[in-house]
Amino acid sequence: MAMLIDDFRYFMSNVSCHSLLRVSYKYRCSMARELEDCQTIINYFNYFELMYCLLRIHEESSDYFAIFLLLLAYVAYLLLMSIVVDQFFTPTVKILAMKLRLNEYLAGVTLLAFANSSPDFVANLMPIKKRGALFTCTIGHSLAVLLVCGGMICFLKPFQIDGHSTVQNLLFLTLAIELLTCIVFSGHRVTRADALVLLSFYGIFLIVNIADLLLIKHTIRTLRLELKDQRDGQAQSLENKKKLALLNDLEQNDVINFEWHRTHDADDFGMAILGSDSADYVAYRTILHSPSSSKNRLLFADLWDSLRPYDALEWQLGNCCQRLLIILKVPLLLLATLFVPVVDYGKHKHGWSKLLNCTQIVTNPFLIITAVHSKFASVYKSWYIDLKLDYSAWSFCLTVPLALFVFLDSRTDMPPRYHFFFITLSACSSLVLIVLCVGEIEILTSIVGAAFNLGETFVDITFGSLTNAIIDLLADFSLAMQGYDKMAFAAICAAPFFSIVVGLGVAFLFNSDVSIKGSTYWLYGEYGDNCYIFIMLAIFTQLWWCLTLNFSSRRSVGVFSWILYLLFLVYAIAAEFNLVHEFTRDDSFELQ
């Protein structure tokens, strides 16, 4: 009897949670509670226990209805993550770029690339990915970003691409893919040393980009001094004309075009917003300020205006689809606005709302600590995680007095001097929400794929990749429409590089299973060659059209990128349904 119990426990510890979708309905509830894999892969919610224990689904029609509800939850998480990235995280990235005096290109390949790659970075660390095809999924996501998002930027707003920076990014991406392939296949496993080599490659990338920026700054300063020192009679010489043309080209293609302004009401310096938006953010800070007004004038009206979850003008000008999207986003945007501070230099008062921000000083740390502590504890009450308040309750001792001080010290018509520090709360809470959404999206994607008998890797490189690409697309679209097209395009080229060298490097460090002999098989998966071939096609065709069109993006380039990605999807679908063979070798066995 003891042997039977041990064998049963061993069986239960090695059965996939998705296998319960293949057993009789009367056993699904008990399996959802007893299978170790079901307890491992869940994030904040156990959807199988919700479906088969709480809702008591016992027939196929109800099962499909539950899958439909999970798809709606999938869309809700996707919308929430897009709101967080677009409304809170992206403005934070722009402000950090300004404060660090980065140019548009360097901000794109560092801060914005990190922001766009954060969902991939988080997903690779999740338990559900512990034995997943990390190589294939990361390359598939990178392919979607390059072709879908890059094509969108080129189609919507053709512009002159910074040639040397784009070529440099694409070559670094090619080297990263080849390095990753070499690491995965050498020794048929991944060691900690391999992970560190992969991570160090990102350090080389940063050094090259920073050195490039410093050299360009030095060249611009040198050319300006040389042209300034020339006598008037030599101003029109051929050599000076060449220098002037080079200077104009560097100032146009590079983004060292910072305009500094001394503020009249503070001791710090202000800086014009990057890109083509010439609005001075100092004016946006003080535009509604009136020294004669009360410090709490229109306090509740200001709160209501900040919580309004839609733009009235956008609603009036929008068509039916746009209005439907606004309606769907209203509750999620209201929820995010209640707890996540807005710090955006493109808005009046930089997004400051006195009463709302003072309450967020209390609620924001409380929710962040609760969410993080609860996830680390991973104790579940039925189908949802048990919220741990042991640590977060102590945050009130610090945040309540701090909120009272800010309320007494600040005004409603102008943000306080320390408003910039709210960016810490905004960034932390944005990352927590992104982690939550990514985790739930990964689990829901795998459940829906298993319900329709689709391979987990196939679902990840198609639906999962498109999901991530849509999130990036929303952020990049917003930046492109504001005039930051170069920043957005630089991030599109650099985000895949970040996902490969940092996203996978960190995942390899913390995933002990990749060091097991033979881990190459599941790291690469059956679609590894497909993704590798198509991403190489994407990189080399991008280099080809850049050189052919003299680094001028056109609408036809966007259409070409979308067609290439459509071919990838068609081939992946055909391979999944055995209409064609994947670009991979069949497993062979030696006969004894």
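Note that Cβ sites are derived from N, Cα and C of the backbone, with glycine treated the same way.
The annotation domain 'Sodium/calcium exchanger membrane region' is assigned in TrEMBL to 71-210 (among others). In the domain 'Sodium/calcium exchanger membrane region' (71-210), the DSSP tally of helix, strand and coil residues is 118 helix, 1 strand, 21 coil.
Per TrEMBL, the feature domain 'Sodium/calcium exchanger membrane region' maps to 428-573 (among others). Residue counts for the domain 'Sodium/calcium exchanger membrane region' (428-573) under DSSP, helix first, then strand, then coil, are 126 helix, 1 strand, 19 coil.
According to TrEMBL, the transmembrane segment annotation covers 64-85 (among others).
Among the features that TrEMBL reports, transmembrane segment is placed at 132-156 (among others).
Residues or ranges marked as transmembrane segment by TrEMBL: 168-189 (among others).
Counting residues 6+ beyond its ends, the transmembrane segment (195-216) has Cβ neighbours under 8 Å at 102-103, 105-106, 109-110, 164-165, 168, 172, 175-176, 179-180, 183, 250, 254, 256, 497-498, 500-502, 504-506, 508-509 in the same chain. Positions annotated as transmembrane segment by TrEMBL: 195-216 (among others).
Feature annotation from TrEMBL assigns transmembrane segment to 324-343 (among others). Residues of the same chain lying 6 or more positions beyond the ends of the transmembrane segment (324-343) and with a Cβ under 8 Å from any Cβ of it are 75-76, 79-80, 83-84, 87-88, 91-92, 95, 306-307, 309-310, 314-315, 318, 350-351, 353, 356-357, 360, 363-364, 367, 419-420, 422-423, 425-426, 429-430, 433.
Marked as transmembrane segment by TrEMBL: 391-408 (among others).
Here the transmembrane segment (420-452) has Cβ contacts under 8 Å with residues 18, 21, 41-45, 47-48, 63, 67, 70-71, 73-74, 77-78, 80-81, 84-85, 88-89, 92, 95-96, 99, 118-119, 122-123, 126, 128-129, 336, 339-343, 357, 360-361, 364-365, 367-368, 371-372, 458-460, 463-464, 467 of the same chain, all six or more residues outside its ends. Under the heading transmembrane segment, TrEMBL lists 420-452 (among others).
Taken from TrEMBL, the feature transmembrane segment covers 458-475 (among others).
Summarising the annotation, TrEMBL assigns transmembrane segment to 487-510 (among others).
Long-range contacts of the transmembrane segment (530-547) within its own chain (CB-CB distance under 8 A, at least 6 residues past either end) are made by residues 136, 139-140, 142-143, 146-147, 150, 161, 163, 166-167, 170, 173-174, 177, 181, 461, 496, 557, 560-561, 564, 567-568, 571-572, 575, 582-584. According to TrEMBL, the transmembrane segment annotation covers 530-547 (among others).
Sequence-distant neighbours of the transmembrane segment (559-580) (same chain, 6+ residues past either end, Cβ-Cβ under 8 Å): 143-144, 146-148, 150-151, 154-155, 454-455, 458, 461-462, 527, 530, 534, 537-538, 541-542, 545. The feature transmembrane segment is assigned by TrEMBL to 559-580 (among others).
In summary, the transmembrane segment (487-510) does not lie against the transmembrane segment (64-85): fewer than three C-beta pairs, each 6 or more positions apart in sequence, are under 8 Å.
Within the same chain, residues 78, 81-82, 85-86, 89-90, 112, 115-116, 119-120, 132-133, 136-137, 140-141, 143-145, 148-149, 152, 441-442, 445-446, 448-449, 488, 492, 495, 527, 531, 569, 572-573, 576 sit at least 6 positions outside the transmembrane segment (458-475) and bring their C-beta atoms closer than 8 Å to a C-beta of that stretch.
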